[in-house]
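Enquirer: One structure follows; several queries about it will come next.
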């Protein structure tokens, strides 16, 4: 009896486990695109010929970079300064309607970027990938952009009705020379989240943080401020009166401490007058004091009315066609490395992917970078020392030449004196 009960218990546990696994499988995220730039990556990506005829198209290198956490973990890196870059990959077309969309990738600016982009684009429809460039329409643009001191931010741009809409929030990007993971999550409730290195940096409503739709309400264009509306917050104090004789107070008065010089001659110098000084009693033009207006009604504002041009879009977050991912940018200084692309509908899956790629190597990469910087500083210090030695050698050589010239001049002078003596 006990054995039968135990068998029933095992069976129930097995069923429960099976149901749990089925539940996990049912909610498991879907991966629409993933790229770690391993073997065969070139067959999945198309290098654009955009700007090639102008000799302004930059080349991509397949590399792990100058410093890394794993030399076998490679991405693609811009390799030429002052060049345009464009490359794209196609994946099975889908729409994020009624589902979450996650776009994630890592980027490293090894060149200490001072002007250039590090963003990616999602595109729909049919794209001629060989002609993919700056004028190619896109659905989403996301990622860091740096240029000088004024631009150091994460771009998040949505294209709706053939118009690019920029996020109204300022989201700072990373500016060091290490790899960082940028994640954009778009939820079907029209909210979004931006993360850097799996840490949330910005979130909110797409309705509020982008001007995609016209406002729901507008000021009534027909409304006029009533003529008797009192919008003066302060008024002159009727009890405040100007003192008698106030206007007669002079701005300057003769200096009472001034004395006529003893050698002053009225006939020759004219009548002496004391110099003037600012009058301490003079307070400037009289101004009536002001008091709060008891009838103040506040600043008049036109009443708000429903905007006749507003039309709600419950799918403001959605894009009907997402079919390509592309990198299109201009770089003054090359060296930006892209890796670990992921498009999915599961934020947790994206978080795990980031930890298993970037997170796994970030400490080793930081150590490699620190070692490279240390070596660079030592080489620069050694070169500076060599330059100082060269300068010292040049100075010593100049001194020797000067001494030789002085000795030569002295000898010539002696010979000349001897000749003159002989002549005498």
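Placement of Cβ uses the backbone N, Cα and C atoms for every residue, glycine included.
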Enquirer: Looking at 270-308, 309-347, which one does Swiss-Prot call region '3 X approximate repeats'?
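Expert: So the range that Swiss-Prot calls region '3 X approximate repeats' is 270-308.
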Enquirer: By a Cβ-Cβ criterion of under 8 Å, what residues six or more beyond either terminus of the repeat '1-4' (255-266) are in contact with it?
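Expert: Residues 272, 274-277.
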Enquirer: Short question: which residues 6 or more past the ends of the compositional bias 'Basic and acidic residues' (356-385) have a Cβ under 8 Å from it?
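Expert: Answer is 36, 66-70, 73, 106, 177-181, 197-198, 339-340.
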Enquirer: Counting only residues 6+ apart in the same chain, whose Cβ is under 8 Å from the Cβ of residue 147 (disulfide bond)?
Expert: 114, 115, 116
